[in-house]
Amino acid sequence: MLIPVVCFTCGFPIGTYAAIFDKARTEYIKTKMGGTLPQNIPLDASLQIELKDLITALGIPMRVCCRTHLITTLDYRKYY
């Protein structure tokens, strides 16, 4: 699924920050997985990776609705 260009609720331009967040998310997931890509290890249902603080750490000024769109959109081709 693609990240929307603007937030459906408030109209914030999410698309301008999508590439920055995607790169940071990939690196964050790789560090949480021990330096390997998720496609190279078996799926573990108990693994929890919190992404809510990643947007704050990047300094992206977003509301909760925008964070929901950005965090829940995942391009499965990169990980599976």
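Cβ atoms here come from the backbone N, Cα and C positions, even for glycine.
These come from Swiss-Prot:
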type	residues	note
BINDING	CYS7, CYS10, CYS65, CYS66	Zn(2+) binding site
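Feature annotations (Swiss-Prot) mapped to structure.
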residue: CYS7; record: Zn(2+) binding site; CB count, 10 Å: 19
residue: CYS10; record: Zn(2+) binding site; CB count, 10 Å: 12
residue: CYS65; record: Zn(2+) binding site; CB count, 10 Å: 15
residue: CYS66; record: Zn(2+) binding site; CB count, 10 Å: 23
Message: What is the set of residues, excluding CYS7, CYS10, CYS65, CYS66, whose C-beta falls within 8 angstroms of the centroid of the C-beta atoms at the Zn(2+) site?
response: PHE8, THR9, GLY11, PHE12, ILE14, MET62, ARG63, VAL64, ARG67, THR68, HIS69
